[in-house]
C-alpha cells in the first residue's frame with residue numbers, strides 16, 4: 001500500500017526522456033535507428049496535420065519530400081510525379097547539359113496556366129507535321145496561325161479529332177483543308193484572368209482555349225488537361241506561372257557554367273550544387289557566381305555534416321543546405337575515406353546552426369522507411385531527400401528485370417565506378433576527374449519494384465501525418481518548435497530495444513506497408 005501513498009498529487013508528472021540537445025551532446029554519433037521520439041497528447045486527426053515545408057528561403061512545398069539527383073532515380077518522369085504529389089525532383093547531371101535541360105523543359109511544360117509559347121503551325125503545314133509534333137511533345141492540340149508563329153492571326157486549330165482517322169496517303173494534306181476553322185472556335189480575350197479562362201474552357205467542353213487580342217492575334221492558350229491535373233493533384237508544387245517546380249543538379253567546375261545557362265533557359269527553379277564534400281573553394285565560388293548572374297535562382301549547397309562546413313556556404317549565400325556524407329545505402333565514403341558523420345547527428349547539428357540564419361536543411365541519405373523521414377524532420381530538417389526509397393518505382397529511370405522471380409530495377413551510387421564511367425559529372429562530384437586511379441565511393445545494386453510514385457508517396461505522406469499525430473503536433477513547424485524548446489523528448493535505443501521494436505517471435509510473416 002505504501003507504494004501508492006507517495007505525495008505529489010495527481011498533477012505530479014516525473015521528468016522523462018531526453019531533449020534533442022541532451023541526446024546529441026553526448027559525443028556519440030547517432031543515426032535514425034539509435035533513438036525514438038516519445039509520444040505526446042492527441043486532440044486532432046492525422047489528416048489535419050499540415051506538412052507544408054520550406055525547401056529553400058523562397059520555395060515552399062506542401063509535402064517535405066525530395067527525390068535525389070541520381071541517374072537511377074530522377075529524370076523528367078520522377079520529377080513530374082514528385083511535383084504533382086507536393087514535393088520536388090532534382091534532375092541528375094550525369095548526362096550532357098542538353099539532355100538535362102530538355103528533361104527540365106519536359107517538367108515545366110507538363111502543366112501550365114497560360115501557355116505563352118505553345119507549338120504553333122501554319123495553314124500550309126501538312127498533317128505529317130502534326131504527327132511529328134505529337135511524337136516530340138506528346139500532344140496534338142495545336143493552334144494554327146497565318147504565319148505559323150505566336151503573335152500572328154489565329155485561323156484555326158488542329159486536334160486529335162481532326163486527324164485520328166486519316167489514312168496514310170492523306171498525311172500530305174495541308175492543314176487548312178482539315179483544321180477546325182476560326183469561326184468554329186471558342187476563344188477568350190487577352191487580359192482575362194486564369195480563373196475566368198478556366199471557367200470558359202469548362203463550359204465550352206473543348207480541349208484548348210486560345211487567348212487572342214483585339215486584332216485576333218494569338219497571345220496564349222490554356223488546356224483542359226491542365227484543369228484535370230489541378231483537380232486530381234491539389235498538392236502539386238507550382239511556380240507563379242502555374243508550372244510544376246523542378247530542380248536540377250550541377251557541379252562546381254567551369255564547364256558547369258554552360259550547363260547552368262541551359263538550365264536557366266529551360267526554366268529551372270532551383271539548382272543543387274552536387275558534391276560529396278561541399279565545403280570547398282570551388283563550391284563557394286560557384287555559389288557567388290550563380291547569385292551574381294541569376295539572383296532569383298535558388299541555390300542549394302552541400303553536402304555538409306558540420307556547422308563549420310555550413311558556415312562557409314551560408315556566408316557565400318546559399319538558400320538551403322543539403323546534409324549527409326556517407327549515409328546512403330549505396331555510399332561507401334565513410335568506409336573508404338574515413339570521413340563523414342552518422343546522419344541523425346549531422347542533421348541535428350547543421351539544422352540547429354542553420355536555423356539562426358533562416359536557411360532550411362535537406363536531410364539527404366540514410367532514409368530506409370517512413371519512420372526515418374519523421375525522425376529527420378523532428379531533428380530540424382525541413383525536407384528529406386530520398387534515393388533508394390524511390391528507386392525501382394515506375395517513374396524511376398531504367399528498365400525492370402527479373403532475378404529469382406523478383407522484379408527489380410538497377411540502383412547505383414553516383415560515386416560507383418559504373419556511374420563514373422558513364423559521365424565526367426559523377427567524377428567531378430567526388431573530385432576524381434583528374435585521378436589516374438578512381439576510388440569508388442559508391443556501389444551498384446538492384447532494388448525491388450515499389451510500384452508507382454502516385455501510390456507510394458501518398459503512403460509516405462500519411463505515415464508522416466500519423467507520426468506527427470502521435471507526437472502531438474499539428475504541423476511540422478510545431479514539431480520543430482517543440483524540439484528546440486525541449487518539449488519534444490527522445491530516448492536512446494539499445495540493440496535489444498531495436499530488435500523489440502521490429503518484427504520478432506514469428507515463424508513467418510508478410511510485411512505489406514501499403
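Glycine is treated like the rest: Cβ placed from N, Cα and C.
Among the features that Swiss-Prot reports, domain 'CBS 1' is placed at 114-173. Here Swiss-Prot flags 179-237 as domain 'CBS 2'. Per Swiss-Prot, SUMO2 cross-link is recorded for 195, 208, 438. Here Swiss-Prot flags 274, 275, 276, 324, 325, 326 as NAD(+) binding site. As annotated by Swiss-Prot, K(+) binding site applies to 326, 328, 331, 500, 501, 502. The annotation active site, thioimidate intermediate is assigned in Swiss-Prot to 331 on the grounds of experimental evidence. What Swiss-Prot lists as phosphotyrosine is 400, and the listing cites a large-scale study or a structure entry. According to Swiss-Prot, the feature active site, proton acceptor maps to 429, an assignment based on sequence analysis.
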On a C-alpha basis, identify the one among 208, 275, 325 that is nearest to residue 331 (K(+) binding site); the candidates are the recorded positions.
325
Does DSSP give the residue listed as 'phosphotyrosine' helix, strand or coil?
coil
Here are some recorded sites: 195, 208. Which one has the most Cβ atoms within 10 Å of its Cβ?
208
Counting across all protein chains, other CB atoms within 10 angstroms of the CB of residue 501 (K(+) binding site) number 12
With DSSP assignments reduced to helix, strand and coil, which class does residue 501 (K(+) binding site) get?
helix
Just to verify: the residue among 326, 502 with the fewest other Cβ atoms within 10 Å, which of the binding-site residues is it?
502
To the nearest Å, how far is the Cα of residue 502 (K(+) binding site) from the Cα of residue 326 (NAD(+) binding site)?
25
Measure from the CA atom of residue 400 (phosphotyrosine) to the CA atom of residue 325 (NAD(+) binding site) and give the result in Å, rounded to a whole number.
29
Quick one: among the binding-site residues 274, 500, which has the most Cβ atoms sitting within 10 Å of its own Cβ?
274
Name the one residue among 195, 208, 400, 500 whose Cα is closest in three-dimensional space to that of residue 274 (NAD(+) binding site); these are the recorded positions.
400
What is the pLDDT of the domain 'CBS 1' (114-173) when averaged and given as a whole number?
82
Residues near residue 400 (phosphotyrosine) in space but at least six apart in sequence (CB under 8 A):
392, 407, 408, 409, 449
Cα-to-Cα gap, residue 500 (K(+) binding site) vs residue 276 (NAD(+) binding site), nearest whole Å:
35
Recorded positions 195, 208, 501 vs residue 326 (NAD(+) binding site), shortest C-alpha separation belongs to 501
